[in-house]
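Notes follow once the structure below has been shown.
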Amino acid sequence: MSLQNTAYRTDSVFSPRTGPSDPTSMALQWTPYTLVLLLVGGLLTAFAVSLRYLGREDGMPGAKLGGSLMLAGGAWVFCFVAQLSSTTLAAKLLWRVLTTAAILSLVLVWLAYVCWYTARSEWLSRRAFGLCSLVPASLLAVAAVPAARRSLFADAELLRVGSFVVLDAAYAPLFFGYVVVGYALFAASLLLLVAAAIGSRGILRWQLAVLLSFAMLPGSAVVLDLLGYAPTPGLDFGPLSVAVTAVAGAFSVTRFGWLDLTPIARDQVFRAIVDAVVVVDADGRVVDLNRQAERIAGTSAAAAVGRRLPDLIPELASPLDARDATDEPARSEVSIATPDGRRVFDLQLSSVGDAVDDRDGYALILHDITTRKAAEERVERRNRTVERMLRVVNDLTAAHTVEAVFQRAVEGGHEMFGPDACRIAVVEGDRFVPVASAGDDHDDPSPQRIGSGFAGTTYRSGDPVVVDDLTDVRGASALDTGSSRPYRSLLSAPIGDHGVVQLLSTDSGAFDEDDREMIALFTSHVETAVDRAETEAELRDERDRLEEFASVVAHDLRNPLTIASGRLELLADAEDAPSEHVEPLRTALDRMESIITDILRLARQGDAIGEVETVDLSACVDDAWRSVDTDAARLRRADDLGTVRADRGRLQQLFENLFRNCVEHGSTNNRRESAGDTVEHGSTESRPKSGDSVDHGSTASHSDDAAPSVTVRVGPLDRATGFYVADDGPGIPPDRRDHVFEYGHSSTADGTGIGLAVVERIVRAHGWEITVGESADGGARFDVVVE
């Protein structure tokens, strides 16, 4: 066999001291490479021990595999040192077989490391690696049998190179079978690295490329060794190259802090996370960023790595500078101008490293909260608008004329929505007539035709209209012709059948769907206020006309009535005056006076009520009973009737009229005629009388043994909030109950038909309900439901 470089064959292939078959001989030789290789093996072993300890303490699979990788590399180096240092052929063959076993073990551990590194955990099964480990184990069995060791070599001899001897061997096919298995496993690891590098990016792709390059070193070195190419006879490339590869593998684990999670898995998580992630070093230079962060920075990872983060995203300079002063994770909100527009992010910034004093840099996680912030601002804006609307609605309620309602409406619309101008136009015929405006509205106030512009469209459709940019639309508003201001956006809404309200802004897109919804609610309040003001105006006019009519009628009636009364007194003073005619005449004249008084009061009060307060019903009932000429009637009321919110004067009038109705129509005894008539007779005179107990007797004197003409009961309702007034008189026939509250309806010839009509108007003015039915004693019963 031949070797390169200067070498010569020894005189004997056997050591003269040990013989040819004693591989355990202690005869050793020192070579120029022994010390270097021992140092390399020692460093690898020390590194392996530290990594294994770290993996055991912290439960890091990467550290354990890294330690195993270092240990297998050290075994290769030490086995080669033993082969190089031995001086007998048998010993060198033994250590050569053990070196091959160490190489196969290293390849197997390297494959496991690559499977972990590339997140191929399904390949890391105990069964798969158990079967693969049979290959180096079989070499150990071969090494133990001298004859078996010879089966791996076709020929072998010792050669002297300078001052030491080396092995010169030709390998048998069985040996190359092991080589094929080893390279098959090695090729599988390379394919995994290549596939991972293709699917990775940034720093990880660079690291994979480095690992792939370093992995090729021992693989290529072993090929050169098998082909017989060596820099110096007897010195293999493999043991030195494995040291470089092992250090590179350890560096990939420790440098980037990826001992607890596979780097590929971290990269997959890094890419898959929906938030933007940026990693910077201690100087603020970008180390890596995911695709979401690329979109924020407006550049690729390749272009961003190495640049200072504040140069890429200036808005992150302040949070990054403030982070240097603390070691706790910091959170803040930051607004960033991105290529997609300004976005708002929840920024979480934390250090990367084992300790603050030894931090490698910072990780910035940006969670996009633009939509949430917009929703929060939208809710806040709506709340502010609603608060303003409540104030405006109160102002609208205080307006008693249509003109005042419109003016307060434009002022409220200007306050609520903040436009440059707010205007209202009402419909008169076939035109819109401006009636009120607020803000900087200097447009021509002349009427405009309904059929033109967005005002007409809004009025006809009944729905609000939003226009983002009026410059793109001709005839944008039926009320903006001749405008001296360049209005850009419009919000137009109908006010029922009354007209339209328009908000105009010089900014485009000033109004959104929220404004569209809110103005619809706003205009409904304006419409209600307008309807109320119009109704109040009609009622005022009606009341004025009725009062004027009643005053005229009363004046015209009182003049002849006064004359008739004077003549009656003269007639009564005459000695021969017929007494059977004088008293009926006086009664008739008194009744006419009562009718005139009731008509005037009804015309002046109508449905109006005064100040509403909390009224004690029991006290009010007692006061009303004392104010009525109850003849021989008796009042029975509940101990406590509770309270009610009402105009006390009108409520007492209600009870007085009901009491008079009960007394006049419920009495079965003869009652004396008096100037004070019952409700049915129209009397509303107040005559304070004695007695205010729960069981009240008549306010008129009568004998102690006389039975009451009628008993009136007042009590609370059982199934509703309110009260009832009932008597034990003859009652009201069912066919007449629907008519008792009509003006002019009376069951007696001398009744005016006004008393119960006044009761019904008082109830309606308070927003209550009244019904008439039959009492438990067969008389009349009036139920007043308050709520």
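Just so it is clear, glycine is given a Cβ too, placed from its N, Cα and C backbone atoms.
Automatic prediction, not curation, is the source of TrEMBL annotations.
Marked as compositional bias 'Polar residues' by TrEMBL: 1-15.
Under the heading compositional bias 'Basic and acidic residues', TrEMBL lists 670-695.
Annotated domain 'PAS' per TrEMBL: 268-321, in sequence order. Taking DSSP states H, G and I as helix and E and B as strand, the domain 'PAS' (268-321) has 28 helix, 12 strand, 14 coil.
The feature domain 'PAC' is assigned by TrEMBL to 330-381. In the domain 'PAC' (330-381), the DSSP tally of helix, strand and coil residues is 15 helix, 29 strand, 8 coil.
Under the heading domain 'Histidine kinase', TrEMBL lists 552-787. Per-residue confidence over the domain 'Histidine kinase' (552-787) averages out at a pLDDT of 75.
What TrEMBL records for 1-22 (among others) is region 'Disordered'.
If you look up TrEMBL, you'll see 436-457 (among others) marked as region 'Disordered'.
According to TrEMBL, the region 'Disordered' annotation covers 667-710 (among others).
Under the heading transmembrane segment, TrEMBL lists 30-54 (among others).
Per TrEMBL, the feature transmembrane segment maps to 66-87 (among others).
Residues or ranges marked as transmembrane segment by TrEMBL: 93-116 (among others).
The annotation transmembrane segment is assigned in TrEMBL to 128-149 (among others). Residues 21, 23, 90, 93-94, 97-98, 100-102, 104-105, 108, 111-112, 178, 181-182, 185 of the same chain lie 6+ residues outside the transmembrane segment (128-149) yet bring a C-beta within less than 8 angstroms of a C-beta in it.
Look at TrEMBL and you will find 169-196 (among others) tagged as transmembrane segment.
Residues annotated as transmembrane segment in TrEMBL: 208-231 (among others).
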